[in-house]
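Here the structure comes first, spelled out in structure tokens, and everything after it is commentary.
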Amino acid sequence: MQKFILLALSLALVLAITESFDFHEKELESEESLWGLYERWRSHHTVSRSLHEKQKRFNVFKHNAMHVHNANKMDKPYKLKLNKFADMTNHEFRNTYSGSKVKHHRMFRGGPRGNGTFMYEKVDTVPASVDWRKKGAVTSVKDQGQCGSCWAFSTIVAVEGINQIKTNKLVSLSEQELVDCDTDQNQGCNGGLMDYAFEFIKQRGGITTEANYPYEAYDGTCDVSKENAPAVSIDGHENVPENDENALLKAVANQPVSVAIDAGGSDFQFYSEGVFTGSCGTELDHGVAIVGYGTTIDGTKYWTVKNSWGPEWGEKGYIRMERGISDKEGLCGIAMEASYPIKKSSNNPSGIKSSPKDEL
């Protein structure tokens with residue numbers, strides 16, 4: 001991004017993309033007004049459809065518009081909106097964005113279990129709230145596109161975070177390297193597990209920057225020349241004790257944490273703002289990262305979760321999810337499959353030096 005005029009134009013584009021798409025109840029009253037709403041939505045999101053496809057997509061959009069409208073009339077602590085997924089069925093959405101084969105694998109033998117310890121076990125007190133964004137340990141929201149690479153984005157958030165904590169430098173790292181090169185256990189756009197990705201980064205001696213190995217949103221051939229220029233290394237990873245939100249709280253108080261959740265519900269698909277308390281199960285199908293926690297004025301506890309569906313989704317790319325519920329697994333299974341990277345020092349590989357373009 002260049003300075004002055006180009007910077008201003010880029011900022012205007014970002015604001016346009018993240019601007020909320022609103023509609024009035026009257027736009028739902030007739031088929032004609034609904035068509036007008038659909039065309040306005042398509043223009044807002046620059047979605048092109050063939051004539052045949054438009055009719056099919058309009059019917060889906062109409063159903064979703066009614067769902068969003070009816071849900072927002074209810075007394076819930078969160079709201080929905082017609083986002084970029086509004087003409088996708090929930091089944092299509094799940095298959096494309098949350099069907100990434102992140103499964104609860106620790107019940108099976110052979111999974112990467114870290115070093116078998118939990119370094120934060122003896123932590124007695126934690127702050128009332130934590131926001132790693134405000135501490136400068138979180139990069140801007142990214143977009144995985146139509147590729148089931150959420151596991152890579154979840155992994156990278158946690159590694160970027162612990163690297164900033166140890167070095168005081170925030171460096172955007174490469175999800176595409178994981179997609180292309182971490183293929184022994186993980187499956188690129190067809191899904192993967194964060195624990196395997198942490199192990200890959202450790203074994204390879206680090207991971208390169210996003211600038212050196214940019215994201216493409218498809219499975220490519222591993223570029224060995226780029227892979228052999230690691231910028232940030234880790235010393236391993238640990239798993240948070242399963243089904244224990246108190247243990248998860250201790251971990252998040254000290255660094256961003258990778259988690260898996262069930263993100264396939266309609267309310268999650270169209271989440272806009274507020275503390276999400278919606279219906280969801282524990283069929284873990286999406287990798288995200290917790291970058292903080294807090295409590296609302298009315299006393300509702302929440303996790304601050306960074307997603308990888310772009311800044312237009314949710315609260316500028318984030319979702320606040322209810323924390324401390326009665327189910328031990330946590331809302332949407334958030335406490336079932338949490339892990340974080342270990343970095344013992346500020347030392348990093350010398351294969352490539354971070355540039356001003358890399359550091360944020």
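Placed from the backbone N, Cα and C atoms, the Cβ positions cover glycine too.
Keep in mind the model is a prediction, meaning the values are calculated, not measured.
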Check Swiss-Prot and name the cysteine among Cys181, Cys189, Cys222 that pairs with Cys147 in a disulfide.
Cys189
Under a three-state reduction of DSSP output, how is His286 (active site) classified: helix, strand, or coil?
strand
So what sits near Cys222 (disulfide bond) in its own chain, CB-to-CB under 8 Å and at least six residues off in sequence?
Glu177, Asp180, Cys181, Thr183
If you count CB neighbours within 10 Å, which one among the recorded positions Cys150, Cys280 has the smallest count?
Cys280
I need the CA-to-CA distance for His286 (active site) versus Asn307 (active site), whole Å please.
9
I'm trying to understand the geometry here, so how far is the Cα atom of Cys280 (disulfide bond) from the Cα atom of Cys189 (disulfide bond), in Å to the nearest whole number?
24
Just checking, which of Cys181, Cys189 (disulfide-bonded residues) has the fewest C-beta atoms within 10 Å of its C-beta?
Cys189
Quick check for you: of the recorded positions Cys189, Asn307, Cys332, which have their Cα within 10 Å of the Cα of Cys150 (active site)?
Cys189, Asn307
